[in-house]
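Visitor: Encoded as structure tokens, here's the structure I'll be asking about.
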Amino acid sequence: MKSGFVVIIGRSNVGKSTLMNTLVGTKIAATSFRAQMTRHLIHGVMNTPTGQAVFIDTPGVFKDRKNPLTAKLTNKVKESLEGVNLIIYVVDPTREIGDEEKASYGMIRHLDIPKLLVINKSDLPPEKRKHQDEYESWEENFDQMFQLSALRASHIQPLRNKVMEYMPEGEEMYPNEQLTNLDHHFWIAEIIREKVFSIFDKEVPYSINVEVDNVEEKKDITVITARILTNEERYKKIIIGQKGHKIKEIGQMARKELEQATNRKIFLELEVFVDKHWIERI
Ligand SMILES: Nc1nc2c(ncn2[C@@H]2O[C@H](COP(=O)(O)OP(=O)(O)OP(=O)(O)O)[C@@H](O)[C@H]2O)c(=O)[nH]1
Ligand SMILES: [Mg+2]
């Protein structure tokens, strides 16, 4: 059988995590319309009749934000390229090729690894995909180009087939029922963090992390205790909101998704703490 690693790489927000989820066929990585959602190397496993491809979702290459997180995330992207069999380079045709895109492409251009170019977001109308032609002209630098919509899951199968063609002979790396390297606590934390990203704008999402302390499976309900950590007292106030409205909203959104995904009733206890050191633990 065939088996190998496929890294999904590109600048922030192009749809890498959405694409991985679609390729695997289930939601593994959290996604957001805000940049820098992904902070870890997240594996998503695709099992096919011919074998197994392990996708590695990576943090987006990000140039502008001068927070201490960016350097850490960039290192993770570099690390992700070691030992992979194939690179999927994702671009967003609604955004121009600027410094960030060039920096992103610069991380892979010299590598002697097969590369596929994915021009994502094909569901958007042509007038929004203003830079389509510029990205298409990159085709010659890649082994093949694909135009697809990760969000709508359209034109995905040809990419899946191509990926399997590139996989070498080998034994499966994950047992059939295991689709990711994320442990249960981390997965829950990512869903909660996704909700924080969806509710707040500006700097709040970049000031926070979520840590899950305890998951207790009781007879009829799962009780989860988690903390939202933020750098500053003023953000803590915003996250809690007036009369606790915001934290309640985050909790409800996360609980709903967790209940759907696990098919269990969930009790989610969320608290907000100021902790400047969360970045060191990423
Ligand atoms: N219209 C459209 N939107 C998409 C598509 N794929 C992803 N998106 C949206 O683009 C945004 C970013 O998606 P993500 O998958 O989180 O992007 P990412 O590249 O993983 O971002 P980072 O983890 O921050 O680097 C989200 O709002 C997605 O819903 C697509 O095919 N079409
Ligand atoms: Mg992502």
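Backbone N, Cα and C define each Cβ position, glycine as well.
TrEMBL lists 2-169 with the feature domain 'Era-type G'. Among the features that TrEMBL reports, region 'G1' is placed at 10-17. What TrEMBL records for 36-40 is region 'G2'. As annotated by TrEMBL, region 'G3' applies to 57-60. The feature GTP binding site is assigned by TrEMBL to D57, T58, P59, G60, V61, N120, K121, S122, D123. Feature annotation from TrEMBL assigns region 'G4' to 120-123. Per TrEMBL, domain 'KH type-2' is recorded for 192-276.
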Visitor: So the record assigns D57, T58, P59, G60, V61, N120, K121, S122, D123 to GTP. If I measure every Cα pair among those residues, what is the longest distance in angstrom, as a whole number?
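Guide: Per the listed residues, the maximum Cα distance equals 24 Å.
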Visitor: Which residues of the chain, 6 or more past the ends of the region 'G3' (57-60), have a CB below 8 A from one of its CBs?
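Guide: Non-local partners: 7-14, 16-17, 20, 28-29, 35-44, 73-74, 76-77, 80, 104.
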Visitor: Which of these binding-site residues has the least crowded Cβ, counting other Cβ atoms within 10 Å: D57, D123?
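Guide: The binding-site residues D57, D123 were compared, and D123 has the fewest Cβ atoms within 10 Å.
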Visitor: Would you kindly list the residues that approach the region 'G2' (36-40) from elsewhere in its chain, counting only those six or more residues past its ends and only Cβ-Cβ distances under 8 Å?
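Guide: Counting only partners 6 or more residues beyond its ends, the region 'G2' (36-40) has Cβ contacts under 8 Å with 12, 16-17, 29-30, 57-60, 62, 65, 69-70, 73, 76, 186, 194, 197, 205-206, 282.
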Visitor: Helix, strand or coil: which one is K121 (GTP binding site) in, per DSSP?
Guide: coil
Visitor: Please indicate, using numbers and ranges, the residues of the same chain that are 6 or more beyond the region 'G1' (10-17) and have a C-beta under 8 Å from a C-beta there.
Guide: 29-31, 33-38, 42, 57-62, 89-92, 95, 100-101, 103-104, 120-121, 150-151
Visitor: Below 8 angstroms Cβ to Cβ, which residues of this chain, lying six or more residues outside the region 'G4' (120-123), approach it?
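Guide: Beyond its ends, the region 'G4' (120-123) has Cβ neighbours at 14-15, 18-19, 90-94, 129, 147-152, 154-155.
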